[in-house]
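Sharing a structure with you now.
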């Protein structure tokens, strides 16, 4: 199934946490004939389509047609996490008769965008069972939480909004008598005894469904409004690209790989973030399973290439002065190649040419993004993955507005173009003299 705007909406609405992103992708892969491998097991020595999951991260690859130990990798990397409000370990508060859940910001969350929204809960419970500990996904898609804003009549300054993340972003979830704890309530909703919950990784999500909005052209809406476009739009586009390569280009001279990592929004320095050994260890095991050696693996990295797929800033119509004037970026105008002289993005001349060629072969336009020199620039998994693996890397994305808001906006037509470019990158060869 090709990537579509409707498909992205369904993907996002089913995936409110990094754990759910991995579960959604895993479900699609299993349906397409992929087999899940556990890292602790011995991996099969025959070609095939496989994936492995480490907490909120996943790596998938199609080596069905590529048994030779020197076939290079073509990798699409993205991240599964998004800035949000997360539940503290001891969240229960009682303030002026209100039952309050203590929250804290995760990543560079745009705090004010979370006020006065109906919020659900998602994440993972670690539960004691008969054999030890098991992990259960949690999804409560009911409006159980809300972070209420202060009335304008009570504000110290009506012209600006300053939020203290310790005091001002806690959520209410009821009044009056309540015996159970918040985690106990979540456990009950998940069908688990509260006494068996050993740990909880819980986070909030906006309950407004993803939607196609804006003026329609030939019956098709031009814009897509959704939470977590940064960076679930890239996870979805990369997943569909990998599955399309399976159908169209399995005899390619590359092993196509999808690597989606948790914790990008907080620096990637975790046991399953982009700074971990997850990608490099999986790639080495692919080579070893094909009968190769570590020497073969190291040689293979030099001919491989990685596209770090993360969303890009479209030029904002209300704040055009916040953008580089010679590099306007539009929605519905094709994927974005991102370049930064101080390596906030990993793109160099060789990898930029590879992605430009991929866009040409996919028949989609490509835009080039440069950040204003007088503003600090964010980064991606690109420089981190490149440093960890030594694989030449290009940073790319799709254009959007309102990055890190609870609700973001992109071009509906960019979904298919973005995935098509990534598909071409996974399968198209770059000839070099």
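Using the three backbone atoms N, Cα and C, a Cβ is placed for every residue, glycine included.
Look at Swiss-Prot and you will find 79, 153, 404 tagged as Zn(2+) binding site.
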Which of the three DSSP-derived classes (helix, strand, coil) applies to residue 153 (Zn(2+) binding site)?
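SS state of residue 153 (Zn(2+) binding site) = helix.
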Please list residues from the chain of residue 79 (Zn(2+) binding site) whose Cβ is under 8 angstroms from its Cβ, counting only those at least six apart in sequence.
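Residue 79 (Zn(2+) binding site) has long-range Cβ partners 231, 234, 235, 260, 261, 262, 263, 264, 265, 268, 274, 310, 380, 381.
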Report, as a single number, how many Cβ atoms besides its own are within 10 Å of the Cβ of residue 153 (Zn(2+) binding site).
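Taking every protein chain into account, the count is 6.
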Tally every other Cβ atom lying within 10 Å of the Cβ atom of residue 404 (Zn(2+) binding site).
18
Need the DSSP three-state call for residue 79 (Zn(2+) binding site) to compare against my parser.
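In the DSSP reduction, residue 79 (Zn(2+) binding site) maps to strand.
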